[in-house]
Amino acid sequence: VSVDCSEYPKPGCTMEYRPVCGSDNITYGNKCNFCNAVVKSNGTLTLSHFGKC
């Protein structure tokens, strides 16, 4: 399972709720929020699965 975060970081994310679970066991509201966190983590954060943790 993976997400393409090559277009990130983005300055703002929509409020669309399509949760993804990160390897840090945090539920991110959508791909944009998750990808911004991936960039901030220098790539150490990965996708655990789609849906809530």
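Just so you know, glycine gets a Cβ as well, placed from its N, Cα and C.
Per Swiss-Prot, the residue from the list N25, N42 bearing the note N-linked glycosylation site is N42.
Rounded to the nearest whole angstrom, the C-alpha distance between N42 (N-linked glycosylation site) and C5 (disulfide bond) is 12.
With all protein chains in the displayed structure included, the most crowded Cβ environment within 10 Å among the disulfide-bonded residues C13, C21, C35, C53 is that of C35. Under DSSP, C5 (disulfide bond) is assigned to coil, being neither helix nor strand in the three-state scheme. Checking each of the disulfide-bonded residues (C5, C21, C53) against C32 (disulfide bond), the C-alpha distance stays within 10 Å for C5.
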